[in-house]
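**Q** Can you keep this structure in mind? I'll have questions shortly.
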Amino acid sequence: MSEWLASYENVVALVLLNGILGIAAYLMLIVNRFSLATGGLMAIGAYVSVLATMNFGVPFALTLVLGGVTAAVMALLLGAPVLRIEGDYFALATLAFTEIVRIIALNWESVTGGALGIVGIPTETQIWQLALALAALTAAVFAVHRSAAGRVLAAIRGDEMAAAAIGIDVARARLLTFVASGAICGVAGAFAGHLNFFIGPSDFGMIRSIDAIVYAVFGGLGGVLGPVVGALVYTVLPEMLRFSAQAREILLSLVIILAVLFMPRGLISLNLPLRRWLPRRRGQRGKLAAGQGVAAE
Amino acid sequence: MSVFLQQTVNGLSLGSAYAVFAVGFTLLFGVLNVLNLAQGAVFMVGAFTGLELVRLVELPLPLAFLVAMVTAGAVSVLTQVAVFGPLERRGGHRWMGLIASLAVARLLVAIAQEVFGTQVLRYPSEPWMEASWTIAGVQIQGLQLIVLATALLVMAALAVLLRATQTGRAIRTMAFNPNVARLVGVPVQRMTLLTYFIAGALAGAAGVQLGVLYNAVSPFMGETILLKGLTVLILGGLGHVPGAALAGLLLGLTEVYSVGYLSSSFRDAVGFGLVFIILLVRPHGLFGLTTRQRA
Amino acid sequence: MTALLEISHVAKRFNGVVALDGVSARVGRATITAVIGPNGSGKTSLLNVVTGFYEADRGSVRFNGTEIAGRPPHWIARLGLARTFQHIRLFEGFSVFDNVHVAAERRGTSHARRRAEQALEVVGLAAVGRQQADALPYGHKRRLEIARALATEPEILILDEPAAGMNATEKIELGELLFTIRDLGKTILLVEHDMDLVMGISDYVIALNFGCTLAAGAPAAVRQDPQVIEAYLGRPEAADA
């Protein structure tokens, strides 16, 4: 077991980290917003926490909080004006945000080390910490889904105008969700920053944002386990395709295309034994109306 | 002053290539309401096709340019037939389309890596590319003139197609409302494929133009242009084709000016900064409606 | 008659097209008031202005003396104005009960389940609470929307063409339901095409045409108003979609 863990430690850490990011993206998707801010918010969490460690010797646990809070505040500042923007515009505005963060990280050399990044970071992040964080987050989102607040989110997803007509402040609910998602991205960034010896601007670009959405959509938006399963498969699959390093990218993209075409509700829609532990999509409990794999706009 | 003029010349030639790419990107969005993130990869396919035709087949560049356009157009049509079309018929959500287009981009980049490797390749130099004239202290390269001229030519051809032909009317009807188009007998499926072809061909043209202008072709060159395309899409007013052409030129100019007067490292930030400001000032885009008006 | 809702000189235009051209109207407490008029006369626009989905260009809307024009929809809903939509808008993927429950929770989570069940009982859907709302027959979906609006405990219920798509029996049942709701002390403002229904249930009728008030008063009086007759003869009902 320990031997196995050692040889695959990096993959396991990535699966857990990506699961956390997948949930951050999932939260925005279930309120009908395609956020490409994940990478930028994660970068903010990573740089803030790493700089706190390197320059001020702040304890690791505290840098996690610091990363999460800074990213959440950033999400609040970004979200307040930008969330008013309709669907596609919102996606593009958050894309611009992530790119601006990357460009600042690239050019503010005195602080971020520029393109060379920051090296010699103490590797504090442990697998068990990531596992604990992911488990806690999954449980928290699961609990939210079953609460009154979760029903508010599901109502927004179900029909925004009807939600407003029964007195739900759609803009406020969405902003709070974005702030929560930002905090998660920030903590994930802090973990990622202390995972290896190094961070650089290219670690947190657009690709991070897009991958996070892929985990969620690929896994399925039917419940919080969707993004986790999506992150697992999407992270492990390239490792499994190692036998043909050359064709790996090609195979991987073909798998995604086929998955999108044939499993429009995500991996979760496959009839796996796992499904018994997932929230019902329809029927008696129906509460988790987020269960409709694909949301209406 | 001559520095300013010099940069204007540089900016116009760069911006005209951006405009060609962005016009295709915008056309897809405006006519079919598709945000096709594979468009950057199609651009890369065009650049490689042109390069290989010049290098291996020793085709003259103008001919290679045309063949590259057709090839990129064909690849674009293929993605519609194989992926986006079936996905739409299955009623896939818009987000699924975005994911699929990213996967298509990844696939094309992976294939290009497989075939051409990851090294940066260059167009063989030709005498007219090297030629340059100095007028009033401003150096104008033959290359820049050719890029600007072809860009204007391609966009003029598109304008004629859209404004003065039956086909163009059909495409514009679809942009207005696909259901209306179907009712008045527009062959929607064929026009969809044609729109994909035009968008792909424009991306391919821009691929050759920028490949020659930067003198660099690589499998990853599509990522940067895709971001530029998105920037222009917003600056020009989502789906507004003449707006995109102007915004493309504007972006090229601002980038070159910002390199000249600020610092080269902030070139990319300028475009995104503009996007941000535009979205904040006009949160629904230049031509958007608010939800509250859609009840 | 003290007016619960007072609409004064409300105007709204879209890209130069006039939807409402200075409409004024009063809705009395615990009455049923109907807004009628040919298609495009501004009925739905008026409801959208009152419920905050459109922002009026000018004019005022007072509810219980509070100015609500220009306020966002959720704020207006919390104040006690609940609405339904011309094209049914239920929460996708929700069960019948959950649609109403989430609305009841807007007035606090305590006893929300019981209040939701009560709202379902009023409209006669208590027995099918566990069904998926999407699977309900059309007439029941309309009733469910009314139940969801009722669950927010409004003072005024605003209905946008509640009888659209209903058959004759369903319309009669709807009329009875609206009487029941009024007798609970609620005020009802509705836009409706079906003249028999409107004339049968309304205490007060407002006729609009081209964004202006054509006539207002008791149903019998409005029906005999020559301008109203002309507006309708000029545009027969068949032209309405």
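A Cβ is built for glycine as well, from the same backbone N, Cα and C atoms used for every other residue.
Pulled from TrEMBL, these are the listed features:
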type     : residues  : note
TRANSMEM : A:12-29   : transmembrane segment
TRANSMEM : A:36-54   : transmembrane segment
TRANSMEM : A:60-82   : transmembrane segment
TRANSMEM : A:89-106  : transmembrane segment
TRANSMEM : A:126-144 : transmembrane segment
TRANSMEM : A:175-200 : transmembrane segment
TRANSMEM : A:212-237 : transmembrane segment
TRANSMEM : A:249-268 : transmembrane segment
**Q** Look over the recorded stretches A:36-54, A:60-82, A:89-106, A:126-144, A:212-237 and say which has the most C-beta pairs under 8 A to the transmembrane segment (A:12-29).
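**A** By the under-8 Å Cβ criterion, the transmembrane segment (A:12-29) pairs most with A:212-237.
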**Q** Check for me, if you would, whether the transmembrane segment (A:36-54) reaches the transmembrane segment (A:126-144) - at least 3 Cβ pairs under 8 Å, residues 6 or more apart in sequence.
**A** no
**Q** Can you tell me which recorded stretch out of A:89-106, A:126-144, A:175-200, A:212-237, A:249-268 has the most Cβ pairs within less than 8 Å of the transmembrane segment (A:60-82)?
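**A** Comparing A:89-106, A:126-144, A:175-200, A:212-237, A:249-268 against the transmembrane segment (A:60-82), the winner is A:175-200.
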**Q** If you count every Cβ pair below 8 Å, which range out of A:89-106, A:126-144, A:212-237, A:249-268 shares the most with the transmembrane segment (A:175-200)?
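**A** Comparing A:89-106, A:126-144, A:212-237, A:249-268: A:126-144 has the most Cβ pairs near the transmembrane segment (A:175-200).
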**Q** Near the transmembrane segment (A:126-144), which same-chain residues lie under 8 Å Cβ to Cβ, leaving out any that are not at least 6 residues past its ends?
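**A** Sequence-remote neighbours of the transmembrane segment (A:126-144) are 5, 9, 12-13, 16-17, 19-20, 23, 26-27, 150, 153, 184, 187, 191, 223-225, 228, 279.
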